[in-house]
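Colleague: My structure is below; once you've seen it, I'll send some questions.
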Amino acid sequence: QHPYRSTLYTGASLWDFTGDMRPWGEWVKRQILAIQLIDYILRGVAQVMFVNNSLSGLLIVGGLFLQNPWWALNGLLGTAISTVSAIALRQNRDAVSAGLHGYNGSLVGILMAVFSAKGDWYPWLFIPNVLLSMLCPVVSSALSAITSKWDVPIFTLPFNILICLHISATGAAHPFFPQVCCQFQEIPIINFSSIITFTTVFLSVPVGVGQVFGCDNPWTGGVILLALLLCSPTICFHAILGSIAGLCTGLALAAPPADVYSGLWGYNSVLSCIAIGGVFYALTWQTHILALTCAFFCAYVSSATSKLMSVLSLPACTWPFCLSTLIFLLLSSENPALCRLPLAAVSYPEENRRYLRQLKAWGRGRAQSSIQEATEGMKVEIYIYRSISVSRSPSACLLVYLMRRCIRLKSSQWETQEPVTLPDMCGSSSTPEGEGARRVKGTELRKCDYFDWS
């Protein structure tokens, strides 16, 4: 236990700032609401990447300001409004403190600025930003009532719904809030061998990670990867793996090079690979293969979704990620290595793996305890069995017979001894051939269940 003070946090280890920063979170709970709100907002920004770490959120915000300060400001505003609305609606406080009611507002604010045709520093954009961010916890709560039946998360479905509603309601010709055109254009056949270079391929990997927030700056993507590494190396690794999977799929499908190298083929695969690779599934090598498969599948879904949504002049957003990841989370398998965790137990991958090991250890201990209880129970049955007086009462005969039948079910733990001659319940002194007294840990059981029912 590290010492805490009312106004200053003092930690003895750098590990307190990795993972979900639990010691820091406990300290924040005792502070004023303003400090708590700052922590909630930073965690909300980081939760876009399934990271519950306020320091990682601070690094991501720095990366957003490196890309575009106007986008970063709108993202922070959307996160703050969404979080405050969740508090006002009395949503689960643990979910609010973990940033689960802020990440959709963050994406709404950033992407609203990205898709705005008015450019940067258009102050009237704050109006729809505030209104839609206020609706994020409402839509999230409604969708959670549906998805909770299958114990799956809502992901970014509220963001997808609200941003598509906004773009559909305004369009490209709106006088106050015009949107950029999202029409799909056929690209002529291009000689890719003259375009593919090591530099462009290498830089497209961090760009694919940054495109989760709509950023095409490789330095922003690098800062986001550093934020993920601070929280969980496993999440950082799967983010890189998902971006590579999207890049390879785009090149294999002969997608326009501008789209491939700008990360538009990678960001959905990044989110899918992170979600399956250790966040909602326990971390095993089979989970790695499943996460990579989901990333490739998500890239194919992205290609199809982009063309379908462009007919309505709408962006693909993160619809492919939600669809593909929900399919893989609802997968039914008897393989014990593919263990999907309950939502109440989901944390970062390393903690999920520790939780699974503790669960298995608890199960083994429970099984050993059950065996010991069963053994003790058999002893009690034997003692009761021997304490029954040898009478001619039919009820006593029936009780002894039923207990004998129960004990026979556990005969694997008994040792058969030589036959002995004992008087039965009806006075007979003969013992059936092949039968004998049985012992459990040195306790002798008398054979007295052979009697004439007539």
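Each Cβ is built from the backbone N, Cα and C atoms, and glycine gets one as well.
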Colleague: In TrEMBL, one of 96-115, 396-415 is tagged transmembrane segment. Which stretch would that be?
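Modeller: Result: 96-115 is the stretch TrEMBL calls transmembrane segment.
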Colleague: Looking only at residues six or more beyond either end of the transmembrane segment (71-89), which have a C-beta under 8 A from one in the stretch?
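Modeller: Residues 37, 40-41, 44-45, 61, 64-65, 95-96, 99, 101-110, 112-114, 125-126, 129-130, 132-134, 136-138, 140-141, 213-215.
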Colleague: If we call contact 3 or more Cβ pairs under 8 Å (sequence gap 6 or more), are the transmembrane segment (225-252) and the transmembrane segment (121-143) touching?
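Modeller: Not in contact, no.
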Colleague: Under an 8 Å Cβ to Cβ limit, what residues of the same chain, 6 or more beyond the ends of the transmembrane segment (312-331), are close to it?
Modeller: 107, 111, 115, 150, 152, 155-157, 159-160, 163-164, 167-168, 171-172, 181-183, 267-269, 271-272, 275-276, 280, 290, 293-294, 297-299, 301-302, 305-306, 338, 340
Colleague: When you look at the transmembrane segment (155-177) alongside the transmembrane segment (121-143), do they share 3+ Cβ pairs under 8 Å, ignoring any pair fewer than 6 residues apart in sequence?
Modeller: yes
Colleague: Using a Cβ cut-off under 8 Å, which residues of the same chain at least 6 positions beyond either end of the transmembrane segment (289-306) come close to it?
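Modeller: Hits for the transmembrane segment (289-306): 184, 238, 241-242, 245-246, 248-250, 253, 255, 265-266, 268-278, 281, 316, 319-321, 323-325, 327-328, 338.
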